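Step one of this worksheet: look at the structure below.
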Amino acid sequence: MASLVEKKPEWSAVRVRETFLEYFKKSGHTFVPSSSVVPLSDPTLLFTNAGMNQYKSIFLGTVDPQSDFATLKRAVNSQKCIRAGGKHNDLDDVGRDSYHHTFFEMLGNWSFGDYFKKEAIEFSWKLLTETYAIPADRLYVTYFEGSEGMEPDLEAKELWKSVGVPEDHILGGNMKDNFWEMGDQGPCGPCSEIHYDRIGGRNAAHLVNMDDPNVLEIWNNVFIQYNRESDKSLKSLPNKHVDTGMGFERLVSVLQDKMSNYDTDVFTPLFQRINEITGVREYQGKFGAEDPDDIDTTYRIVADHVRLLTFAIADGAVPNATGRGYVVRRVLRRGARFARKNLNVEIGSFFSQLVPTVIEHMGAMFPEIKKKESDIKEILDEEELSFAKTLDRGEVQFAKYAREAEAKGSNVLPGWQVWRLYDTYGFPEDLTDLMAKERGLSINEAEVNEAREKAREASKGTKKAASDLIKLDVHDLGALEQMPDVPKTDDSAKFGKSNITAHVKAIYHNRQFLQSTSEVPEGEQLGLLLDKTCFYAEQGGQEYDTGSILIDGVAELDVENAQVYAGYVLHTGAMKYGNLSVGDEVTCQFEELRRAPIRNNHTGTHILNYALREVLGDDINQKGSLVAPEKLRFDFSHKAGISDADLQQIEDKSTKYIRQNVQVYATDVPLATAKQIQGVRAVFGETYPDPVRVVSVGVPVEDLLQDVANPEWRNVSVEFCGGTHVDKTGDIKELVIKEEIGIAKGVRRIVAVTGQAAYDVQRLADEFATTLTALEKMPFGPDKERRAKATQKELDMLDISAVRKSEFRTRFAAVGKAILDEQKAAAKAELKRVLDIVAGHFGSGDTKDGAEEKEKEKTPFLVTKIPYSPTVNKTISEAIKSVSTKNKDNAVYLLAADEAEGKVVHGCYVGAQYTSKGATAAEWSKAVSAVVGGKAGGKPPATAIGQGTEVRRVDEALGVATAWLEGFGL
């Protein structure tokens, strides 16, 4: 049989996707762009792992009536999906077989209460066999064969027959393969899969759902027709839905007649780029024993992983130590280790070189990755460099642990060693497990968990102890001056990015200098003095570094703080394991992932200082600052608050400077010379060293010094500063001002964020803007009023740009005023309607029929329910007042209920003819309150107003009120 590629050479990956989307769009389906792989609105998911995730609110019946989804009947899209971590985790299989991926596209079509099984089956069969021209004899379909207490889906079976599928290609399937459920409760239903036989020319029915790589599922049609109740029973849904998903990469392999997804043009451009970068042999498509050097396996792993990394980071999942951020870190470190081991890659900027290839081939469909290209590459490089600093030493330590296990005749690595490889060298547990398997070893997961919990408990204790920071006082400094072997710390390496080796010079604990940490009780804080350090000790507003001081595999101090006292840098923390002694050679390893945002914020502070002067004038002088990982804070002289327009201008000027991506220069300059540089900024009253470090953003310091009086330097950020800074301003990415307040007379404070934190607050603002726009479009009514209250709370708590928050407050105020105006108009209309009802009942209104008026006079009381409104209290009071004025002898009882809030409001008036018989408003309302709950009170004996909570008993209360008054016989 001729190959499909020969028949259809034009089936490129791009055309396969376009054909699918166009096919369904022509059939009345709305194209819905892929949702983010980071499901920010669904805390139950680490990542978006299926096409249906963004439609869950439709299936659950909780869709916002104002959203576009509320009217959506048919949809089609290609959804970005990630399955790595959590319940759905394909990470371990990637690279080892031909079809697993951590990132993939899911093509899908949906019907929401529109068409059902017949149309869905016809759509899928015609697309595959006619549009894509896949031979029908290679396709097999499954249907739900039934289970205990559940009928088989014979309807689907017959529909497959009707489109021409032979009976021996229609197979029954069990609950696991052919019944889909969202969870323990909720929408569910049978599904019908389509499988493809790569070989052909045979009956492969017996290989369906048997994990045969040559007989693979390509499409699944889910028919959502039931709801799983809390008692596990199934109830038919009034609106039935269709949810389908087809693996894009698998479909492309079928249409290109390839035996592996990795042999298609989805992956081959990445393989070519990997080959160009590394110089290793070309990809040959080998698996298992045929790939003894794991080169082809590594090609597949790297190509797969860079796709996940590109899309995850573009959608906001930044590598870190928790949740989805940790999954991204694990994937990068796993890929980096494979690349270095099998492709001879130098880790540091490897994955970022592959990102442009991903964007070239996928950016048209998913423009967000193109927009975020520079950020993706920077974050990848930052994370790779961080791992590269410990990878060599970690692999050496792993080899040592492995040799120890082998020497003991054991094939299991102890859990504490696996944990230490993570805690000290950043090796994720699954990476250590992989490395162990390569040596015929395994890990003991229970022991790893035990070691993890033990470390967490120890960390709680040390953090509690660390609240009292160890400090050197004048007596300690005097003692140090008398120790010839303890020099003042050389901290010049703090401006670099590398680890350094140093020697322990002194150990400080409980106001004593010791020779070894073995003299310190376990878990207690101590201080370490070294001859040199790369740690930044807190000063000049910049916070301290954290990290580790260690001898690999022997001992490690968890550095939680670093302070400088008269030139001595004291590193404080608790020992994680082992002991250090005076004279030991140690590795200094600061936490780069803490230092990086501090660098961003420090250079951002300089740029902000410059922008403030540009917008507000030369009277701006720095009064203080804080540079922390999560924010920057800048205090400055200024007499009045800053307008939103000026704040926006300051932010814009800062952003423009950042996006110029200019280099940041720093040089030590004689203090007298440095002071002469035009426009140089310094903190008034601060004592600076001589020479002083001059930091210039965009112009080399040497150029400044050649002509210190040049007025052009006023257009440059130039400051005296001993802090750490970015290499180029582009590293900062963005600066967003979150707050501007006064803290003292003539002193203002700005709080801002940069980098990823700035992107995060912008994303939050964009999401709220969508919420606010939806509120603005809502028609007036109780739903809008309730939504406005919730939106007000959300706005108050929103941690975003000060300018945008002010803009949102203005817009929300307009919404609030419109609601108030509508409420007033509605209240006025409602009051008139109620007054008309009361007046009409008692015959005191305008009537044309005198006989009718006389008839109404025969009914001396009115008990009735009126509509609930926000001003119902006033309506009832006014109605009672009207009766007491115009119908003094009569009686009235009005009730209103708000089912959504669970509130009942009621009130009454008792006229003279009833009070003369002993009736009182207090007793009448007491009888009603006994039914609806709550209490009532008022002006005895004639009026009472009350509130209750039993909204479902209002009709009963009406009957009680009527019977109570009728008891007086009038």
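Numbers here mean position along the shown chain, with the first residue as 1.
Note: Cβ is positioned from N, Cα and C throughout, glycine not excepted.
Predicted automatically and left uncurated, TrEMBL annotations should be read as such.
As given in TrEMBL:
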- 11-764: domain 'Alanyl-transfer RNA synthetases family profile' (DOMAIN)
- His602, His606, Cys721, His725: Zn(2+) binding site (BINDING)
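Other residues of the chain with a Cβ within 8 Å of the Cβ centroid of His602, His606, Cys721, His725, the Zn(2+) site, are Thr603, Thr605, Val627, Val664, Val695, Glu719, Gly723, Thr724. Within 10 Å of the C-beta of Cys721 (Zn(2+) binding site) there are 24 other C-beta atoms, taking all protein chains into account. Cβ-based neighbour count (10 Å, all protein chains) for His725 (Zn(2+) binding site) stands at 24. Classification of His725 (Zn(2+) binding site) by DSSP places it in coil, neither helical nor stranded. His602 (Zn(2+) binding site) carries a helical DSSP state (H, G or I). Looking only at the domain 'Alanyl-transfer RNA synthetases family profile' (11-764), the predicted model's pLDDT averages out at 92.
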